[in-house]
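I have placed the structure first, in the form of structure tokens, so that the comments after it can refer back to it.
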Amino acid sequence: MTYTSQEERWAIIAHWKQNGNSHITARELKLTVKVVDRWIRRYETTGDVSDAQKSGRPRKLNASAAKKALKLLLEREHGNSAAVAQMLYASGDVNQQVSRRTVTRSAHKAAKAEGMKIKHVQGRPRKKLTAATMQKRVAFCTAMMRMNWMNVLFTDRKKFHFSYPGCKVTAGAWVLEGQSLEVPTVNHAQCQNVYAGITAFGMTKLHIVAGSSGHKTSYQNKQGKVAKNITSMEYGQVVKSTFLPQGKRIFSSQGISSWVLQQDNDPTHKAAKPEVEQWNAKHASSMKLLMGWPPNSPDLNPIENFWSYLQAKVNKRGCK
């Protein structure tokens, strides 16, 4: 049975009082007639739309304590659910120590009563976007609503670390008392720093760049030393020798002669523009660069799905 929030229940009564018809009320609120009739009967019988008294063991957290638990969990300043359980007991909101599971169950119900859903998340938090960045993202997506993304080569760089044998990462593990969790570790792990492009019709080959183990590079950084990461000059070579010819190969196989190269706002990527201009002049091509890509927006790039898939394969081997 679908849960009906207090707000929805009173909306049913307000609409019903106005039109006097449960079918019209159900249609206006996009609810079933059965749900509407239930709360109309409850209102006519009790003058209220609160939940009926139920038999059984009373809840350890009343409605007020459950709301407070929800608030404390969402504030994220008070620790985990076990810490919130201790806070509720210390503040007198509950008369006995409750478990973390009781806290989370009660918080879920309190959120549901307010028409919300909560979930537990793990891992490194995403970078919080500034208001200016959010505006740029909206402006970009609005401007690109009619864009034909089938003609776009999406590109990005990814660094893979190989710490094999390493350890397959799990949420937790059991050990005997007195023991600790130990795994083999690798000092100075090998890594591969690569660029690639992906389209609706296939992807380019991987292009290994500076920063990869065992990869000798002739490119230098601004201090005149051997580069340990991608430079503008090397990125220009990536565009020239991989993205442009590989993109042409992929799109021409589909009968597409005019296509677009996407890249993010890494400063080294400015080297792409002269390479594209030279390519167009040499090949009588109309290939373009996608301009205005918003900052801090890797989630807009579908190649991130490929990187995540590949990273999961690496992690599965214990190479993390």
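Note that the numbers count up from 1, one per residue, in the order the chain is shown.
Just so it is clear, glycine is given a Cβ too, placed from its N, Cα and C backbone atoms.
TrEMBL annotations: computationally assigned, not manually curated.
As recorded in TrEMBL:
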type   : residues : note
DOMAIN : 248-316  : domain 'Tc1-like transposase DDE'
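Counting residue by residue with DSSP, the domain 'Tc1-like transposase DDE' (248-316) contains 39 helix, 5 strand, 25 coil. For the domain 'Tc1-like transposase DDE' (248-316), the model gives a mean pLDDT of 94.
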